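Undergrad: The following feature annotations were taken from TrEMBL:
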| type | residues | note |
| --- | --- | --- |
| DOMAIN | 6-431 | domain 'PTS EIIC type-2' |
| TRANSMEM | 12-29 | transmembrane segment |
| TRANSMEM | 36-58 | transmembrane segment |
| TRANSMEM | 93-112 | transmembrane segment |
| TRANSMEM | 133-154 | transmembrane segment |
| TRANSMEM | 174-197 | transmembrane segment |
| TRANSMEM | 218-237 | transmembrane segment |
| TRANSMEM | 257-276 | transmembrane segment |
| TRANSMEM | 297-321 | transmembrane segment |
| TRANSMEM | 327-346 | transmembrane segment |
| TRANSMEM | 353-372 | transmembrane segment |
| TRANSMEM | 416-435 | transmembrane segment |
Amino acid sequence: MKEIINYILNDLGAHVFLPMIMIIVGLIVRMKFKDAFSSALTLGVAFLGMGMVLGFMFNSIGPASESFVKNTGLQLNAIDTGWSPLASVAWGWPYAFFLFPIQIGINIIMLATKQTNTLNVDLWNVWNKILTAVFVTAISGSVIAGLAVGAVEVYFELKNSDLTQAEVYKITKIPGVACPHSMALFNVIVYPFDLLLRKIPFFNRQLDAEHLKDKIGIFAENHVMGFIVGILIGIFARYDVSQILTLGVQAATALRIFPMVAKLFMEALAPISDAASEFMKKRFPGREFYIGLDWPFLAGSSELWVTTIILVPITILFAVILPGNNVLPFGGIINICIAVPLLIVTGGNLLRMIVIGIITTPVFLYVGTYFAPTITELARKVGTVEIPANSMITWSSMEAPVFRFVWSYASGVMKGNFTGVIFLAIWLALWVFYVKGMKKRREEELNAEMAEA
């Protein structure tokens, strides 16, 4: 069974297997086969197309960022290798397979008991729960504790998916779709800062890409913003003129193409969402259901990419000046895992995204520093990565960094360390505060919409 799962996840990939699932979902909700097949295939095209543009983006910005890091002369021994080695650690865990039935089972139970409206078909990112379980097991010494916290993560992802679905729809305009990704658990940390900035008139103005166009014209166009930011990154990297201009055009290309590919998600998902909505309304009157997907359907937002690129030099600056930081930003320096929560919580307000991104970037570096010894030890055991003596590896843009830290640290209680319980209590209090605040915000938005109508 493990070999079958590995084949599906690692050999077929999301762009092949997910359309198969969507065909089945389409047929269950009474779509004609030709319509279900067409929508599912378009979804595969969207995922593969977004992956190609993401690869182009990372291959363009990544080397410039690495050059920038080298030019700073940073001497830090926890090397940021990005997510790939951690995925190897997760899949190499002997108990990894158990998280599949745990995720599916919890999702079914929560749907049946009306604790969630999200059907999470994003099985690839079960590796995030596996990685959390691996960390907890390493720190607590208990496999049961690791699997239990993995299950807890599934629960919070689904609750958060429901909570943010309205914001996700406003950003993407794709109906019936939600984002139950672990990276969105960082919303809990972003929300208090967003709430504070919304009370300041200067930060409470609408400042997404569309509204910027009214203020600064052509300079708010996706490709122009991409060109400008690419030029700046090239200058920071000390490229020559031709390299700087090339990077500018490459960044412009990526930001121009992202919205085009993102439209394919709408084209693919709208028919399935409509059919599923009609099917569910007949059988479950008064209840709405969402299809839970991986984050790339949000990638059409230019605000996401402008923020991500701007935070590259900020991350390097923090790596230089933060006391106690041991992370050398490298493989994960393009931090999607901070940009997606910023996008969702702020509603795409570019100014607040950048400011909160600057404030919270140190969190990722410190969590990367905390987990570096554990990641290094686990990676050496798996043997998929060669790590030089006196060096460590880590991930500077880890998904759900605070969630992983507090639950892993709190699991140390099984070895007599009770300090982590305090951090866990604080996180749970912030979660309650975040949930209440987001629900209140949604109610106010609905009341405003009704008043306008």
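Counting starts with 1 at the first residue shown.
Glycine residues also receive a Cβ, built from the backbone N, Cα and C atoms like all the rest.
Small disclaimer: the values here were computed from a predicted structure and weren't measured.
Could you place the listed features in the three-dimensional structure?
TA: Beyond the transmembrane segment (36-58), the same-chain residues lying 6 or more positions past its ends with a Cβ under 8 Å from any Cβ of the stretch are 14-16, 18-20, 22-23, 25-27, 250-251, 253-254, 257-258, 261-262, 264-265, 267-269, 271-272, 294, 296-297, 299, 305, 334.
Residues 1-2, 5, 118-120, 123, 126-127, 129-130, 133-134, 137, 143, 146-147, 150-151, 154-155, 158, 289 of the same chain, all 6+ positions outside the transmembrane segment (93-112), place their C-beta atoms under 8 angstroms from a C-beta of that stretch.
Tertiary proximity for the transmembrane segment (174-197) is limited to same-chain residues at least six positions away from its ends with a CB under 8 Å from its CB atoms, namely 118, 120, 122, 125, 128-129, 132, 153, 156-158, 160-162, 164-165, 168, 203-204, 265-266, 269-270, 272-274, 276-277, 288-295, 297-298, 336-338, 340-342, 344-346, 352, 355-356, 359-360, 363, 399-403, 427, 430-431, 433-434, 437-438.
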Undergrad: So which of 12-29, 297-321, 416-435 has the most C-beta pairs under 8 Å when paired with the transmembrane segment (257-276)?
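TA: When the Cβ pairs under 8 Å are tallied, 297-321 comes out ahead.
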Undergrad: What parts of the chain pack near the transmembrane segment (416-435), using Cβ distances under 8 Å and only residues at least 6 beyond its ends?
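TA: Those are 156, 159, 163, 187-189, 191-192, 402-403, 405-410, in sequence order.
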